[in-house]
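> Below are the structure tokens for one structure; questions will follow.
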Amino acid sequence: MNMKLSKESDGSREPLVHKDTAESKPEQPWMVYLSTFVAVCGSFAFGSCAGYSSPAQAAIRNDVSLTIAEFSLFGSLLTFGAMIGAITSGPIADLIGRKGAMRVSSAFCVVGWLAIFFAKGVVPLDLGRLATGYGMGAFSYVVPIFIAEIAPKTFRGALTTLNQIMICTGVSVSFIIGTIVTWRVLALIGIIPCAVSFLGLFCIPESPRWLAKMGRDTEFKAALRKLRGKNADISEEAAEIQDYIETLEKLPKANMLDLFQRRYIRSVLIAFGLMVFQQFGGINGICFYTSSIFEQAGFPTTLGMIIYAVLQVVITALNAPIVDRAGRKPLLLVSATGLVIGCLITAVSFYLKTHDMAPKAVPVLAVVGIMVYIGSFSAGMGAMPWVVMSEIFPINIKGVAGGMATLVNWFGAWAVSYTFNFLMSWSSYGTFIIYAVINALAIVFVIVVVPETKGKTLEQIQAVVNP
């Protein structure tokens, strides 16, 4: 959209709100917290979708008489729907706003869960799974983008990290509740975060940056004032956003080919590269088949899964407060290093098992390796690619570029989860050595290509990355 922003009649802007003064204590941005909570209910819904099939698998197959092939299709449709959601969520968020895109995502998830709940055969199950996948894929793009656009720069990283925390929590809650209730009840429970998100969106403002981009100047000022507090001074922030938007308006509307222009190529390389390394480092293969890994290594499956679920949530939560202190780049480097170590420990475990060496050490090394891996992933590589993606793109290409980056992520998730069992059949320890090598390459990529973005406004980041 290439609409002009309206100007004040005398050519000046009214003081608008953000810069803290020495005389007054800065207000707590309660509306930012509420808006973030509403948005991350979508992240929890995402986790609920991802965590549904594991505890429900046996019961669904028995009740609906599904073959292994039919249940495999049911499971894979989630990722396929997410890829469609990723492709379309960017343009939708640009056309009807970030809140509008989240409403669409919530609606698809609700419809999908209801279809699964009432399903008597394969087709309704598959359609429901496809719909929840679409909503999940759309949420995965629009939630971090919305949070990044409303949050003050001083704790934008911490708030954006809540996206990953709530995804992990949603997965863990689905796994635990799924061991207690039936698969149909679990589907109904999946509607709750979607409903909270859908209704909550009526109580929070739209992204000020999107409103400014659309030329809705009065609503832009009102939204920014509401987010920062009625007594805050946001004149500097408002002027910076407006000046940046006015500069972007001189550029033509972005399309897919524009992503490869010289001015954008670095931001595209950074975001796409992080998504590739996040997924091809093995996370979804290991996540989807953790119970199988523990079983093959001789470790109690239920105990291993509970430790896995708790560790994932706890470390991701502990990580949130330090994102804006430590920075994105150090967390990515520490995380990728831990992933390499976790993969190598697990590879050693399976090497010993394959060659019938130190049988008592095999299950211990396997669980230690997997826990080091998931702990390291949760400490950085899980959340930081989404944080950086939400910050790195100029707003005029954010819809197209963000949607494509999310698609790359979901394609990687599908590819890794699809190939994992084949790789494990080929060589269990070789599989983890491959993942270790990919994570080692991620370390090099972060050192050489990824910039530090902590403590900068989105406009400052994009001025450096896309000069």
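Note that Cβ sites are derived from N, Cα and C of the backbone, with glycine treated the same way.
OK, TrEMBL features for this one:
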REGION    1-23  region 'Disordered'
TRANSMEM  30-53  transmembrane segment
DOMAIN    35-454  domain 'Major facilitator superfamily (MFS) profile'
TRANSMEM  73-93  transmembrane segment
TRANSMEM  100-119  transmembrane segment
TRANSMEM  131-151  transmembrane segment
TRANSMEM  183-204  transmembrane segment
TRANSMEM  268-291  transmembrane segment
TRANSMEM  297-319  transmembrane segment
TRANSMEM  331-352  transmembrane segment
TRANSMEM  364-388  transmembrane segment
TRANSMEM  400-420  transmembrane segment
TRANSMEM  432-450  transmembrane segment
> For the transmembrane segment (30-53) and the transmembrane segment (100-119), does the number of C-beta pairs under 8 Å, pairs 6 or more apart in sequence, reach 3 or more?
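The answer is yes, given that the two segments have at least 3 Cβ pairs within the 8 Å cut-off.
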> Under 8 angstroms for C-beta pairs, at least 3 of them, ignoring pairs fewer than 6 apart in sequence. Is the transmembrane segment (183-204) in contact with the transmembrane segment (100-119) by that rule?
yes
> Let me know the model's mean pLDDT on the domain 'Major facilitator superfamily (MFS) profile' (35-454).
86
> Considering only the recorded stretches 131-151, 331-352, 400-420, state which has the highest number of Cβ pairs under 8 Å to the transmembrane segment (268-291).
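It is 400-420, which has the most Cβ pairs under 8 Å.
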> At a threshold of under 8 Å on Cβ distances, which of 73-93, 297-319, 364-388, 432-450 pairs most often with the transmembrane segment (331-352)?
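Maximum Cβ contact count belongs to 364-388.
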> Do any residues, 6 or more residues outside the transmembrane segment (100-119), come within under 8 Å Cβ-to-Cβ of it, and if so which ones?
39, 42, 45, 49, 64, 85, 89, 92-93, 125, 127-136, 138-139, 142-143, 146, 184, 187-188, 190-191, 194-195, 197-198, 201
> Considering only Cβ pairs within less than 8 angstroms, which of the stretches 73-93, 297-319, 364-388, 400-420 has the most against the transmembrane segment (131-151)?
73-93
> What residues elsewhere in the chain lie close to the transmembrane segment (73-93), defined as a C-beta under 8 angstroms and at least 6 residues from its ends?
49-50, 53, 60, 66, 100-101, 104-105, 108, 122, 125-126, 129-142, 145, 210, 398-404, 406-407, 409-411, 413-414, 417-418
